[in-house]
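Before we start, here is the structure in question, set down as structure tokens.
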Amino acid sequence: MTNSLYKKHIISIPELSRAELELIVKTAGQLKAEPNPELIKNKVVASCFFEPSTRTRLSFETAIQRIGGDVIGFDDGGNTSLAKKGETLSDSVQVISNYVDAFVMRHPQEGAARLASEFSNGVPVINAGDGANQHPTQTLLDLFTISETQGRLDNLNVAFVGDLKYGRTVHSLTQALAKFNNIRFFFVAPDALAMPDYILEDLDEAGISYSLHTDMETVIPELDILYMTRVQKERFDESEYAHIKSAYILTAALLEGARENLKVLHPLPRVDEITTDVDKTPHAYYFQQAGNGVYAREALLALVLNESL
């Protein structure tokens, strides 16, 4: 039977069904347990990074090679003919589509991945981040990590802390988890960085439980997942930033009343919102989370490039 992800463009999380998310998570677990170095043998993937990336690019390129594919591309869009000779993105994509079996693309412009998918001649485009819009593969590795640590994706209490207004990772992960049953969200942020209304309205419409908080200490004892984010200094004046930052720093002491199964996640890089003493607790899982990016991306590539996997 053909899997529904075969040759599918992966542009945003809302376009993926619960069944597709579960298939990716299941496949990631299988590949972590039993590597398969020939899954995409003789397939060529274009790694097109029009803005700098470390974790995402290296994770994708590692994933491609570990399951037998070849990778071509660039990690500095400023040195491409698109930038230097004025070639349009649509023209570049149409040309490159003749050489490859899939695209992995990061671009600073919102909507760039969707535009690329319209000119790729049926070659699947995987969005590795388009501006502040979507970063779906981060969400896939987050789901895999949650499933790995909790043994389920239903019946979870999940808190997001910090910059919930501008953080594309928390928007996408909220949209993904909302597809599962009995999820309770805790949104912890200063008023200036609160979760956008459109996310809350979608949760209201779906009848999904959530609560808004400005303090994380009171919610920690109820949580299965604590997802930390960085409060971005550039969005505040010095005095306001110092006040807000100090209210959203996770320490080991704050975790003393946490459930045994609680895991702390973070999309990285962290600055000082998680103190290093948290690293030594059994709750810290953000470095393993980053490592899971390879397996989630292996799974996605394998499913997009194999008709009957």
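In case you wondered, yes, glycine gets a Cβ from its N, Cα and C as well.
Swiss-Prot feature annotations, pasted as is:
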{"type": "BINDING", "residues": "Arg55, Thr56, Arg106, His135, Gln138, Leu268, Pro269", "note": "carbamoyl phosphate binding site"}
{"type": "BINDING", "residues": "Lys85, Arg168, Arg230", "note": "L-aspartate binding site"}
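Relative to the rest of the structure, where do these features sit?
Neighbours of Leu268 (carbamoyl phosphate binding site), defined as other CB atoms within 10 A of its CB across all chains, total 17.
The secondary structure of Lys85 (L-aspartate binding site), as reduced to three states from DSSP, is coil rather than helix or strand.
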Which one is it: of the binding-site residues Arg55, Lys85, His135, Arg230, which Cβ has the fewest other Cβ atoms within 10 Å in this structure?
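Candidates: the binding-site residues Arg55, Lys85, His135, Arg230. Fewest Cβ atoms within 10 Å: Lys85.
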Please name which of the binding-site residues listed here, Lys85, Arg168, Arg230, is nearest in space to Thr56 (carbamoyl phosphate binding site), Cα against Cα.
Arg168
If you count other Cβ atoms within 10 Å of each one's Cβ, which of the binding-site residues Arg106, Arg168 has the most?
Arg106
In Å, rounded, how far does the Cα of Leu268 (carbamoyl phosphate binding site) sit from the Cα of Arg230 (L-aspartate binding site)?
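Answer for this pair: 8 Å between alpha carbons.
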Considering each pair of residues in Lys85, Arg168, Arg230, all listed as binding L-aspartate, report the largest CA to CA distance in Å, no decimals.
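Between the outermost Cα atoms of Lys85, Arg168, Arg230, the distance is 37 Å.
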What does the structure give for the C-alpha distance between Lys85 (L-aspartate binding site) and His135 (carbamoyl phosphate binding site)? Integer Å is fine.
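Counting only the Cα atoms, the answer is 28 Å.
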